[in-house]
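Visitor: Have a look at the structure that comes next, please.
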Amino acid sequence: MISDDDDLPSTRPGSVNEELPETEPEDNDELPETEPESDSDKPTVTSNKTENQVADEDYDSFDDFVPSQTHTASKIPVKNKRAKKCTVESDSSSSDDSDQGDDCEFIPACDETQEVPKIKRGYTLRTRASVKNKCDDSWDDGIDEEDVSKRSEDTLNDSFVDPEFMDSVLDNQLTIKGKKQFLDDGEFFTDRNVPQIDEATKMKWASMTSPPQEALNALNEFFGHKGFREKQWDVVRNVLGGKDQFVLMSTGYGKSVCYQLPSLLLNSMTVVVSPLISLMNDQVTTLVSKGIDAVKLDGHSTQIEWDQVANNMHRIRFIYMSPEMVTSQKGLELLTSCRKHISLLAIDEAHCVSQWGHDFRNSYRHLAEIRNRSDLCNIPMIALTATATVRVRDDVIANLRLRKPLITTTSFDRKNLYISVHSSKDMAEDLGLFMKTDEVKGRHFGGPTIIYCQTKQMVDDVNCVLRRIGVRSAHYHAGLTKNQREKAHTDFMRDKITTIVATVAFGMGIDKPDVRNVIHYGCPNNIESYYQEIGRAGRDGSPSICRVFWAPKDLNTIKFKLRNSQQKEEVVENLTMMLRQLELVLTTVGCRRYQLLKHFDPSYAKPPTMQADCCDRCTEMLNGNQDSSSSIVDVTTESKWLFQVINEMYNGKTGIGKPIEFLRGSSKEDWRIKTTSQQKLFGIGKHIPDKWWKALAASLRIAGYLGEVRLMQMKFGSCITLSELGERWLLTGKEMKIDATPILLQGKKEKAAPSTVPGASRSQSTKSSTEIPTKILGANKIREYEPANENEQLMNLKKQEVTGLPEKIDQLRSRLDDIRVGIANMHEVAPFQIVSNTVLDCFANLRPTSASNLEMIDGMSAQQKSRYGKRFVDCVVQFSKETGIATNVNANDMIPPELISKMQKVLSDAVRRVYTEHLISRSTAKEVATARGISEGTVYSYLAMAVEKGLPLHLDKLNVSRKNIAMALNAVRVHLGSNVAVLTPWVEAMGVVPDFNQLKLIRAILIYEYGLDTSENQEKPDIQSMPSTSNPSTIKTVPSTPSSSLRAPPLKKFKL
């Protein structure tokens, strides 16, 4: 692991993710056959830019980026009084050189208007009280709204088309108070009037299974939430009880609340160990924006900053440190001096501790040294991660020396992520298929997008292609300058670019909740890396898409890296196993989500039916374009043929091509025949295509029946051999059933050739493509579905004017977003660090008009309400005057409390937002899709989920009538044997019918009313009586792939 004190090299030694040297392979197709080209031999993508243009526009990235202090002079008015009294001294190491990483603030000396460097800062130390004491011009927590709100509102509405004018207005507003709201580096902390909690009270809270009011108040004050998520309070109270813990929570679930709230409750300090400087920067900035005192200390921190932390430790709530820094002599001495204030040591991204994880870092192993010190050994320790198998968890616990740790886990399943896999062909064509265009953003993927690539060269190529076709993108890898990396990171965080193309090292360093797309252009390193990297998408709970474009040659590059990584043999073997598991996800014809999740939790139950908005395979099955019952294939006979040929003809070690040629009767291999049994095997598989045999071999390798070995003379390739599992199976002669791939299902003839292998039975390889999944509707109606216009609770509630309401809500949301962007630019932070997208959605839907009504806004901390609340409220008031839209909408006036409670229990966050918007505003699916920036098919799928739980919809707005429901019921009973699993034959059976999306709702209503027949002996429907689906022109598709939660037009139908 690289120390924070060191200059960052272009690679991380010993890591699987390190960049290949120029002599190693990147893009060659046949690694085993030929030595790959070097980077210098490859064609490069050129750009018609001058050298200066390239320097100005190109970006770079690295996971351990440290904000530099590039000084860009700009004229702003500065008061003499502040300049004289608020000067921060800098040590001798400070300079204008951007590579020095100096964190001190520059204050001008005397003139009223001077050249003032704008410092790009990684926030370190702040206070309000000390500045008030130093400066004659005191300031409060926010801009004086009495003085500037009216003027700012008018200017904000009129001047967003002119960014330079906007910047000057906001700078002038700040200098009215003489101090920016975000204080600069090198300053002290604010005093919070929080009473010290005695030990008895702390232990009382630790014993409470339900959170006390004090905890709920702190949660609302700092995080804006009115209640804890499941298991969050359990983790918090165990911290209060002084217990060690291992916490495994999926990305976006709220791990930070678990380790941040205890210090805020107890008025104590938490030391957070985090692997990446960029991640620490983002998290500290977010905490400060909420009025929480936090500091980051790393190898670039000055001695002044260390001294200021030591002198103000009673005020600091959080210290973020890298593992190298916290275990250094200087770091341990600081912990010792702060010991009486420290209540918790939090190890974030704890999977880095384990050598069996995908991102092992040796520096994390040294954290156990803290437990060796008598003065620090009693600090409670909590290890947190979103990615860990049982083996990794046990390794982390052992290496950190956690004492009888309490283990808390949540589901790995992130339902708002849609998984899709594609073959990579032409770069521009592959990526262009999923783009949209608008006047403001140009071409984009529907929201902030991260594209991961395996090599720096591929990053540069993808970025060049994107720019050429009009995408605002930047590249981010270790090969360029620190300034370029910093600019790319900052511009992406602040939405100045829509897409960032990066090497996989960038993944853990992103802390942006509204990433809508994660695209892998090239195969990920392994299944755990893939899960970690797609975890960057949709952390705000909104629908997001995860795509992989890959080719088999990508696997060769990864295997080459593994073989040459000089890691322990057992570690390489484990990483290779995880690569095989990923390959299964990429090639399966079944649910990709299921294949992904069962790696982390073998007990994860396979869903009984296809899941809406789950993955591309489920979408294909819902459309009727694929048979879900054929996710397992029987390849007993063919496997025996292949294994016998490998052992008898090639002495158990060979490339896969020669045994296949032998089985298919190639004249190249007939010279090997020496016995009668060998003659019988020669050409026995000639009726089966070559690509089918290769797919079978790949599947047997993934399943562990075939192994890979590298002979001494083989530099790049490897050969296959029967594994111990394969040898045992060959002796037993049992059935061989493996996970199907599209080629295994489609590429083989239905009738297998008669077997000539003793003891082998006729193959039942692929199931008939006419079989369809079964989901049998119950025979009798068990309850009646009530739409919204028949629901008594909804009919008796307060009505609101709905004419044009969805459009008005969307317009208001746009104005609110513009104000947020303006404030973010003023403070030089990302827009989501001002308030989240969810908060803006609440403002647009509930429309509060006073400070007291801000309590209805969930997710907005007390500090955010104080600083920014009036800006958004004023915008709502002005918009209401212009449009007449209703304000101060109480959710209980529109939706009964009982219904709200049910929604919260049975619907995910993303589904609940879509359902609530439809229910309150009586919107059509198209209106909801436009407002939320997702596809119309996604809206229908989400609403169908609500219907299956019995929640009411405005069916008249969705073009669903009782007549259509009756027609659909009759068709499924008469023609399909009550099988509602697949929509395509159902549509054909009905004739003139609603479209697929409306049929989704009808099916959900029928399932709610009749239930499903769960008997094991249910008869399958007669395939012969079903309408033919052989004509592709009659097969429709369901555009159910989610796109984005940004305000953009809904996606067109996807080609899957």
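Glycine is no exception: its Cβ is also placed from the backbone N, Cα and C atoms.
Keep in mind that this is a model prediction, so the values were computed, not measured.
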Visitor: Can you dig out which of the ranges 252-255, 348-351, 524-527, 780-783 Swiss-Prot describes as motif 'DEAH box'?
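Guide: It is 348-351 that Swiss-Prot describes as motif 'DEAH box'.
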Visitor: Distance between MET249 (ATP binding site) and CYS591 (Zn(2+) binding site) at the Cα atoms, whole Å?
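Guide: Between the Cα atoms of MET249 (ATP binding site) and CYS591 (Zn(2+) binding site), the distance comes to 23 Å.
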Visitor: Where DSSP helix means H, G or I and strand means E or B, what are the helix, strand and coil counts for the motif 'DEAH box' (348-351)?
Guide: 2 helix, 0 strand, 2 coil
Visitor: Please report the DSSP secondary structure of SER256 (ATP binding site), reduced to three states.
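Guide: Where SER256 (ATP binding site) sits, the three-state DSSP reduction gives helix.
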Visitor: Which chain-mates of THR251 (ATP binding site) that are at least 6 residues away have a CB under 8 A from its CB, listed by sequence?
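Guide: Looking at Cβ-Cβ distances below 8 Å from THR251 (ATP binding site), excluding near sequence neighbours, one finds ALA386, ARG414, GLY535, ARG536, ARG539.
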Visitor: State the count of C-beta atoms found within 10 angstroms of the C-beta of SER256 (ATP binding site), not counting that atom itself.
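Guide: Within a 10 Å radius of the Cβ of SER256 (ATP binding site) lie 18 other Cβ atoms.
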Visitor: Measuring Cα to Cα, how many angstrom lie between LYS255 (ATP binding site) and CYS614 (Zn(2+) binding site)?
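Guide: A Cα-Cα distance of 24 Å.
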Visitor: Please list residues from the chain of SER250 (ATP binding site) whose Cβ is under 8 angstroms from its Cβ, counting only those at least six apart in sequence.
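Guide: SER250 (ATP binding site) has long-range Cβ partners ALA386, THR410, SER411, PHE412, ASP413, ARG414, GLY535.
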Visitor: Note the Cβ centroid of CYS591, CYS614, CYS615, CYS618, the recorded Zn(2+) site, then list each other residue of that chain whose Cβ lies within 8 Å of it, in sequence.
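Guide: Along the chain, the qualifying residues are ILE419, ARG592, ARG593, TYR594, PRO607, MET610, GLN611, ASP616, ARG617, THR619, MET621.
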Visitor: Could you state the CA-to-CA distance between TYR253 (ATP binding site) and CYS615 (Zn(2+) binding site) to the nearest Å?
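Guide: Cα to Cα, TYR253 (ATP binding site) and CYS615 (Zn(2+) binding site) are separated by 21 Å.
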Visitor: For GLY254 (ATP binding site), find which of the binding-site residues CYS614, CYS615, CYS618 come within 10 Å, Cα to Cα.
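Guide: Among CYS614, CYS615, CYS618, not one has a Cα sitting within 10 Å of that of GLY254 (ATP binding site).
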Visitor: Over the domain 'Helicase C-terminal' (427-583), what does the predicted model average in pLDDT?
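Guide: Mean pLDDT, the domain 'Helicase C-terminal' (427-583): 89.
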Visitor: Sequence gap of 6 or more, C-beta under 8 Å: which same-chain residues meet both conditions with respect to CYS614 (Zn(2+) binding site)?
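Guide: For CYS614 (Zn(2+) binding site), the qualifying residues are TYR418, ILE419, CYS591, ARG592, ARG593.
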